[in-house]
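Asker: Here it is, the structure, as structure tokens.
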Amino acid sequence: MSKAQTLSAADRAKLEGLIGHDFAEKERLDRALTHASARTEKGGNYERLEFLGDRVLGLCIAELLFRTFGTAGEGELSVRLNQLVSAETCAAVADELNLHLYIRTGADVKKLTGKRMMNVRADVVESLIAAIYLDGGLEVARRFILRYWQGRAVRADGAKRDAKTELQEWSHAKFGVTPNYRVDERSGPDHDPRFKVTVEVAGIKPETGVERSKRAAEQVAATKMLEREGIWQQSPAGN
């Protein structure tokens with residue numbers, strides 16, 4: 001949905017069924033689906049909700065991992081957490097919910113493709129989590145998150161060691177050097193930044209990673225290099 005109208009009663013009921021929550025304040029659901037490019041009478045969009053939803057998701061996923069992987073150390077838990085709150089995972093949840101049918105955007109956003117459109121879908125999922133939290137409380141938000149993330153948490157390739165640690169040990173053994181990470185670009189608003197990080201190991205081609213934190217972007221870059229060099233098996237798309 002690209003026009004700035006509210007959801008139809010039928011669409012709202014269908015989406016609420018997928019979410020598992022009937023909104024007491026229907027406007028919250030509408031706002032969670034409204035991109036800043038959409039012109040609405042009340043001028044509301046999902047940016048503030050996205051800020052809150054990111055924190056609610058992080059808390060619930062951290063608790064899920066803490067309870068599920070009782071022997072995992074901080075490093076492994078961090079790797080799993082970064083995977084599960086990444087833009088890729090959030091966008092996959094958006095696709096599972098068919099949110100692209102309901103997102104309200106302006107004409108310019110309709111032209112977006114690839115990673116930029118993936119980020120929009122990911123942002124909407126975080127906004128939706130915030131709307132659920134504000135409307136129903138933390139337990140309702142947690143129930144939604146568990147519904148769509150618990151299976152992913154079990155499947156997540158977090159059994160791998162920390163990518164930066166693995167890359168450092170490999171580069172020391174093979175080349176006698178330490179990987180070098182640099183931030184090439186920081187973009188996006190303060191509440192939702194994107195970091196582009198490049199990792200370099202002397203003698204081989206560098207790799208880049210883009211994520212919502214510097215640490216997560218470093219992990220992405222390190223993972224890509226490990227997979228490219230055949231140290232790690234490449235993860236299937238969507239996992």
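In case you wondered, yes, glycine gets a Cβ from its N, Cα and C as well.
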Asker: If I go by Swiss-Prot, which of Glu47, Glu50, Glu63, Glu200 binds Mg(2+) at the same site as Asp123, Glu126?
Answerer: Glu50
Asker: Same chain only, sequence gap of 6 or more: which residues have a CB within under 8 Å of the CB of Glu126 (active site)?
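Answerer: The answer is Leu49, Glu50, Gly53, Asp54, Leu57, Cys90.
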Asker: Please give the average pLDDT for the domain 'RNase III' (12-137) in this predicted model.
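Answerer: Value for the domain 'RNase III' (12-137), mean pLDDT as a whole number: 87.
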Asker: If you count other Cβ atoms within 10 Å of each one's Cβ, which of the binding-site residues Glu50, Asp123 has the most?
Answerer: Asp123
